[in-house]
Amino acid sequence: MILLHRPKSQLLSLAGKSLALLVSGGGERKVRVAMASNGVSGLDMEKKSGGGGGVEDIYGEDSATEDQLVTPWTVSVARDGFGFRYSLVLKALYFIPEKDNTKKEKTYALHWIRLYPVADPHHNKGLAFTENERDAHYLRGLLPPAVLNRIFRYMAMMDLQERNERLFYKLLIDNVEELLPVVYTPTVGEACQKYGSIFRRPQGLYISLKEKGKILEVLKNWPERSIQVIVVTDGERILGLGDLGCQGMGIPVGKLSLYTALGGLRPSACLPVTIDVGTNNEQLLKDEFYIGLKQRRATGQEYADLLHEFMCAVKQNYGERVLIQFEDFANHNAFELLAKYSKTHLVFNDDIQGTASVVLAGLIASLKLVGGSLAEHTFLFLGAGEAGTGIAELIALEISKQTKAPLEETRKKIWLVDSKGLIVHSRMESLQHFKKPWAHDHEPIRALLDAVKSIKPTVLIGSSGVGKTFTKEVVEAMTSFNKKPLILALSNPTSQSECTAEEAYTWSKGRAIFASGSPFDPVEYNGKLFVPGQANNAYIFPGFGLGLIMSGAIRVHDDMLLAASEALAAQVTQENYDKGLIYPPFCNIRKISAHIAANVAAKAYQLGLASRLPRPEHLVKYAESCMYSPVYRSYR
């Protein structure tokens, strides 16, 4: 503690020549300055009890006059290397009695105070301060203990979408690689789980059993009339998270955001729909904040009648060419709906067809790294649901197209493992109908590891929705008979991935070609940096939908899916291959979507399924010209 006798003007100059404080009055004052070694001083201030009780008016605020400063008085005079501001604080303290208890003087304290980032809007980032930052900048206790995670970013993005739609899409388009995991997988899964808590306002149509017989009227309640694409879910199988009921609305909302940002469809032409037939999720049924029907799921004819009314109402209200994308329906409904309505409506199931197309694109691209043709490879799947059987069927179709071999023959290169083990002919009677084409002659095998050792696949694909199933032993077995094993861990969200990128690269000693459904960070192994690819459906469905809409397609054909896969594979450059990537970077997604749309539209015209005539001469340029651009318009 140092006692200085200086005029106030000289004292203030100690803070730096740039500081100018107008201090009324003159003369000498005794000033106590406490300067800590780190340059930030503390203030030695005792609490004095006033006559009326409580703490005395130590800052002189109650007794201040026009000629006397009201303190504390702070002026920003410096910034440190981190950009944090410091303020000079001149505080009028209490009168200090001298030894004879008769003479009193006003005492001032001059010291520096760091303006903590939480109090400075220039630097405040709220709960996003990391644990280390909270320690380094004295923020412990000033913030709640939670550290900002992706769900907070998701909520911030959704708030922005509600406030300023064009700015939302501009931000998403310009920062797609960073924000895609925020607005869609893996964050959207958590958002759906908490949808009742974070619900702000409706972002789509909710059609429940209460609306049976009135669905056409409900569709007419939606303010937009020129709808081109509908994404619909019943919430029964949300990602790998199961039955989330009405809270599955996050999926259609997220998908359609990507239709606009990545595929260029106008936001006003997109309609998210959730069909609420109840939920079998006991936790949701007991949750007072659950926003859906609190009843067990309707099934059978009641379910089928509601869906049929919806499909007919959509066609009646929006016409023949509106694209209806089924999303996250349970297996038993997904296949039936796709089979039933693919002959009468323009329908697309992203879980079955979109996943298949993006995986096939990765396989086609990977041939430049692993060698051979598709027909020369053997494929083993863990998971025989919508995604697994959809991918398998599209691979078989592509091999059949390339080799002219019958589809029944090309399927024999593809093996599937479900929860009961390898799908073999001896299980035929108990298999669901969509698994039966994959029942081959082989002895029953229960464990995945045993299936790997017996089948000796060159490609291992996970679509099980069960995390940590590609164990060290499985990856090592794949590596033992493949120079470059191709491992695709496709299940979402990240927690459900069959293995991580680090595990795949480490256990294969850096030899694996790896891609996943959810994003993983690059991995360094033995001094080499490996960049994992992401087999994300967002590569396919935005461009695929754009191609259907710009050609006026009235039906989806399997050849269109093959065309989309080939277009995506063609966008992988040698620079990407050099990094071990089998997918192009997302930063070029709009260009990629334009090429996919052009290929799909070309196939629609070739098959006679396009209704928008005449055919544009340059389909890629036409696709780019059709894309929505989020620029501000001028108003008169």
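For all residues, glycine too, the Cβ spot is worked out from N, Cα and C.
According to TrEMBL:
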type	residues	note
ACT_SITE	Tyr184	active site, proton donor
ACT_SITE	Lys255	active site, proton acceptor
BINDING	Arg237, Asn492, Asn536	(S)-malate binding site
BINDING	Glu327, Asp328, Asp351	divalent metal cation binding site
DOMAIN	161-342	domain 'Malic enzyme N-terminal'
DOMAIN	352-605	domain 'Malic enzyme NAD-binding'
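Over the domain 'Malic enzyme NAD-binding' (352-605) the predicted model carries a mean pLDDT of 96. Separating the Cα atoms of Asp351 (divalent metal cation binding site) and Arg237 ((S)-malate binding site) is a whole-number distance of 10 Å. Of the candidate recorded positions, Tyr184, Arg237, Lys255, Asn492, Asn536, the one lying closest to Asp328 (divalent metal cation binding site) when CA atoms are compared is Arg237. Taking the mean position of the Cβ atoms of Glu327, Asp328, Asp351 as the divalent metal cation site, the remaining residues of that chain whose Cβ falls within 8 Å of it are Thr233, Arg237, Ile238, Ile251, Phe326, Phe329, Ala334, Asn349, Asp350, Glu386. In sequence order, Thr185, Pro186, Gly189, Leu239, Gly240, Gly517, Ser518 are the residues of the chain that are 6 or more apart from Asn492 ((S)-malate binding site) and have a CB within less than 8 Å of its CB. Long-range Cβ proximity for Glu327 (divalent metal cation binding site), meaning a same-chain Cβ under 8 A and a gap of 6 or more residues, is found for Val231, Val232, Thr233, Ile251, Pro252, Lys255, Asn349, Asp350, Asp351. In the structure as shown, the Cβ atom of the residue listed as 'active site, proton donor' sits within 10 Å of 26 other Cβ atoms. Shown in sequence order, Asp243, Asp328, Phe329, Ala330, Asn331, Ala334 are the residues of the chain, 6+ apart in sequence, with a C-beta less than 8 angstroms from the C-beta of Arg237 ((S)-malate binding site).
Every protein chain shown contributes to the tally, and the Cβ of Asn536 ((S)-malate binding site) ends up with 26 other Cβ atoms within 10 Å.
In this entry, (S)-malate is bound by Arg237, Asn492, Asn536, whose most widely separated C-alpha atoms sit 18 angstrom apart.
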